[in-house]
Amino acid sequence: MNEFVSRIRERNMKKLVIDPVTRVEGHGKVTIIMDDQGRVDRTRLHIVEFRGFERFIQGRPYWEAPVVVQRLCGICPVSHHLAAAKAMDLVVGVGPEELSPTAEKMRRLMHYGQMLQSHALHFFHLCSPDLLFGFDSPVLKRNVLAVAQEFPEIAKQGIFMRRFGQEIIRATAGKKIHGTGAIPGGINKHLETADRDAFRKDIEQMIEWAAAAVGLVKQVHGKNPTYFDNFGSFPSNHLSLVGKDGALDFYHGTLRAIDDQGHKIIDQVDYTDYLRHIGEEVRSWSYMKFPFLRKLGKKLGWYRVGPLARLNTCDFIPSPLAQKEFEQFRAYTNGKPNNFTLHYHWARMIEMLHSAEVIKQLLADKDLTAGELLRRGKKRGEGVGVVEAPRGTLIHHYKVNENDQIKMCNLIVSTTHNNEPMNQAVARVAGQYLDRQQITEGLLNHIEVGIRAYDPCLSCATHALGQMPLQVELENSRGEVIQRAERGSGA
Amino acid sequence: MSDKIKFLMEGKECTGKPGQSILQAADDNGVYIPRLCYHPDLKPGGSCRVCTVNVNGRNMAACTTPVADGMVILNETEELRDLRRALVEMLFIEGNHYCPFCEKSGNCELQALAYRLKIMAPRFPYMFPERKLDATHPAIFIDGNRCIQCGRCVRAAEEVDHKPILGFIGRGVAMRIKAGSSKGLAGVEIGPEDACVKVCPVGSIIVRETAYRTPIGKRTYDHQPIGSDIEARAPES
Ligand code: FES
């Protein structure tokens, strides 16, 4: 396992580094600065952000963006593919409502297929060890192989659901990862009827398994609700796209943000206007920016994104089984926003169920197998595309010169939105479980669990190009650097 | 003089016609000799040397050498395979070829040849040269990063389109394709229908806004390796 603990003792301060956080896609580093009594002084989640892609794509023709930028990530490339395609739709003069029905539905199918596979991967492969065996379980047990041994049925379902989602991506984008389906102004193919028929055969089973997965989370929660609810929890604002009439929608909508009591901070905001509503703060100790809602300012304006945020911001889920689960989810917090960090898992499974239901609806639609693929309008020099990626709101923004070359690219990825919340979660968990206690493997894992609830895709949030060296700094309470260490991140 | 030329190709008796190059004769006999700068509609360029075959014990370019009676030609020796691989690898390291997101991927002869020759990674270090884009024309785009200097476009412009609008500047590794105008492409008459645009084997000369239109699975080399069409030709009796 790629996990180690290093301690630096100097001037009575201990610095504990868990690096890299295992089972998070990509690399991250947690620093806990403790005082001489062994109390947690401060905690920080460091993410090395090097915006390689934003520079790299400058000068390239705009139509390459959906294919290039998806390579930021091997877990949810479809989100980048679609967000970039949506931005480039605007560049070729095709607004979101002007796409052909076939193009819109094929993209939706691709996206919901990805949602299914990504949520299945996260839950079954990355989280089920913690949830099924408990956070204090021995290291050797906390992996998917142990799950496969003790809960073979669950492991099998995870694998099959992921594969189903990946097959949908293949059938719509041409490849399971890094395909080419969405192009500016539309899509490059129809769904083959053979693929459609194969999916139709399996979709009921997927819905059944997804419903069972929701049940499993509820069951795990039911065993120790107090623990589950309090784990790394804190009140926060929430942000997501919301579809028509307030429906949960992963592909398109307007921006809505609510506070921890459910009051709307912004609503029905056209996402091309995102810069007026969302700012990005730079903090000296982190490479990753901290987005905030301008209306509330840097200190109070941070928010969560992702499954928990989406189920808090939306008014309903437009599919029957998921809507039923959503009602239970909402009732648990008396209709108020749910601020329990570990309930991300619950929300994620409800979304997985919804994705399966939407896929079923789409598979019945004739527009997928026939109809107009591409449209064109009047060219523009700028485009913004936003989708709800598995991990949360994803913003792509491009400016294009008169020769069709990209001259500016700005990306705000889900994990960046969750930067402050993840730091908050680490601080809470460290405060709750590490204060004055012996540092044990199980306790360290608690911190990781807090982060993992957000399913952070750090490679994506960091845009790391190859081996970016990391710098480790040790600070005392006066903010003076006591020690600095450097090493490669590929460890 | 007989109008049939008899030669041995990989030990197999083949026939060719007077005036044909070895490469053309091999094509007619259903034998694929790898090539890059050659194009059936153009005079041979003879610059890439990927078509090198062994003729009576000597290595020669198949696209420029006329086929002759009694030639004993080898096409698939380990030595030739390695030579071709080395040439193709050099083309990869001399330019900036990012197949994963290149719009020509799946339709690119360089990529297809690398697959056919089973190149996993080049043996030479990448040079990452600074190459330019000429994006000044409303319909056509030249991406210097992907140019392999095969010269097909230059020959096509002259021989087929009858307008010498493209040429090379510089020499050796510094050689670059350039539109013959101080304003670059913007100053020349060129369009998607021109042969000089269509013959580009890689993603260097591209027609704007046609990228990724062909879905994966339907592209030229998605299912069949390059040269399969030639190998499927029935040898002339
Ligand atoms: S194809 Fe003969 S030298 Fe290039």
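Positions of Cβ are set from backbone N, Cα and C atoms, glycine also.
In TrEMBL this protein carries:
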BINDING   A:GLU54, A:LEU411, A:HIS463  Mg(2+) binding site
BINDING   A:CYS73, A:CYS76, A:CYS457  Ni(2+) binding site
BINDING   A:CYS76, A:CYS460  Fe cation binding site
Problem set entry | Secondary structure at A:GLU54 (Mg(2+) binding site), reduced by DSSP to three states | helix
Problem set entry | Least Cβ-crowded entry, counting other Cβ within 10 Å, from the binding-site residues listed as A:CYS76, A:LEU411 | A:LEU411
Seminar exercise, completed: Rounded Cα distance in angstrom between A:CYS76 (Ni(2+) binding site) and A:LEU411 (Mg(2+) binding site) is 15
Exercise. Using DSSP, would you call A:CYS76 (Ni(2+) binding site) helix, strand or coil?
Worked result: coil
